[in-house]
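Right, I'll just put the structure down here and ask away after.
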């Protein structure tokens, strides 16, 4: 739609406008008219980049500044409002790649508030229209994902669509069916509902996002800028199998339409409760009903402080009038409902200087440029370096050493450069020169035709070797406790562990020579290494670090082979018959086994007694024998009842109350104060759900249990 030259013009115009729009209220009519035309032009461009391409080129905060400036101009001079103004309609995200469907009710945007004063002004308008002295609001986190509309008819999921232009969305039903948190059946009929349309967001957890970007960079693919882009780009994949690989989740937040109409719940909070009870993932437990605007503001401030600890990226809070009957009284504009507003958190951005660019070598040889910054505080964290991803990213943004840059940090996501302040250039800035040789081993670097990254292909590259050992020892692979980064580097630099096979030939005297190790810690490390010999086959496959082979792929491969050695001779076609394994992955596996050094490492592992074959499981009933478990709070892996069944299946005891005989209290989300207090009183060890899962994951199929647990009918109490 936009040529590269036109994009460059519009991006430059955006920068100019952001400098101009400090106070639009003092503009004359002619000045306002010209500025409004320019604002509409750049806003349409940024709508296209955000909604259609899922590749925004400016931060949300800057977009909102442009949009608010246009609204202020049109408020001062209503005669400047045009029918096609972005303020009069929802931005379109229709790409033309999927069939379109009409929403049952318009899927509008939300108006934004950036301060307490603006929230109070919203409350004043609501009270004025409704005639109420105090309004009850439902306040919930604002997820930063990709909007979807789900339709259920006669209890069955029949359609899923993107937001589109608000009236029509793109039909992505098959893609959404791969997302496990979307029930294919939900018993709305229990509430007399024959047809329901639900609104939600497709999101990706922050830890999954980090993992996804790491894999993409190792594969030579461009990383996603943020979790929202990852979610939006993923649901538009043409192959549902590709969507299924992304570990997406759908969280629903709104019941938008029901038939027959009289089955509609009276409040927003009650509708969330119903959806939660029917098996949808919702924001029900994070939603608070507030009496009046003061409580709303207090709750928003509370969440702004703890936003980083939330597993999903959130950029604010949504404030809705709780009584759904008042929604009709308050009505809508063509852009947003008048009964809701989004309170946006302050952006975590800062301006600093890029003082240098260094190059790091990844586990699979990918060369990543890292920008060194003059230290700057972002959201309570001091940032001194930033990933520059790859050569294309640097060229696209025209990043130079010595530039002043705008850096943004979103949650746990690695800080990144959102803009170069070219107007601050002095002429002394230097272009970034990419190396021709590996900074670790000196080998000539290569760039494969299908990749954006440059890569070192030397199997003996020191930097890659250290990272391969680190990956092997990681929690999801061989889980060697006590073998941290610093220890791995020391072992490698002293020639004690040049590859993962060498770990299993270490002696006590070797480890005692390392700084920081006494006899006890050295013995503990040797014990952890010894214990890792018995990990299941899929974790061994994942730990080998074969390019493109993640945890899911490793599990699928482990199901069709008896030993790692089977992969040496397995036909390419047989591998490609596995779901989710195409030619690229299969070829990478075959290439791994064609490298003599890799075969030598496998022989070392086998000789040391590392399990390279399907594990004959020990009698699982003995694993938790003699241990009593109590659970508190909500678990992600399964219900507390199901967790208790697992404990008993593995030989342990399950109890509902904490006593002096309890061994472990497993703490989930929103734990009960009584159980925590008793655990402290009796000296009972408290562990997280993650620690509990690590105890049992080698002996039970948690994915299967989770699915079976969801199929069980929930107990439905009185909701309305």
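Cβ coordinates are placed from backbone N, Cα and C, and glycine is handled just like the others.
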In Swiss-Prot, 60, 61, 62, 63, 64, 109, 110, 140, 201, 320, 344 are given as binding NAD(+), so which of 163, 236, 246 is in that site too?
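Site partner of 60, 61, 62, 63, 64, 109, 110, 140, 201, 320, 344 for NAD(+), according to Swiss-Prot: 163.
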Residues of the same chain, at least six outside the region 'Disordered' (220-239), with any C-beta under 8 angstroms of its C-beta?
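Sequence-remote neighbours of the region 'Disordered' (220-239) are 54-56, 95, 97-98, 144-146, 148, 162, 170, 172, 175-176, 201-206, 209, 212-213, 246, 248, 312-313, 366, 387, 389-390, 392-393, 410, 413, 416, 448, 450-453, 455.
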Please give the maximum pairwise Cα distance, in Å and rounded to a whole number, for the NAD(+)-binding set 60, 61, 62, 63, 64, 109, 110, 140, 163, 201, 320, 344.
25
May I ask you to report the DSSP-based helix, strand or coil state of residue 441 (Zn(2+) binding site)?
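Looking at the DSSP assignment, residue 441 (Zn(2+) binding site) belongs to neither helix nor strand, so coil.
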Starting from the Cα of residue 60 (NAD(+) binding site), work out which of the recorded positions (142, 438, 441, 456, 461) are within 10 Å.
none
What is the average pLDDT across the domain 'BRCT' (619-709)?
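Residues in the domain 'BRCT' (619-709) carry a mean pLDDT of 85 in this prediction.
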For residue 60 (NAD(+) binding site), just give me the three-state DSSP call.
helix
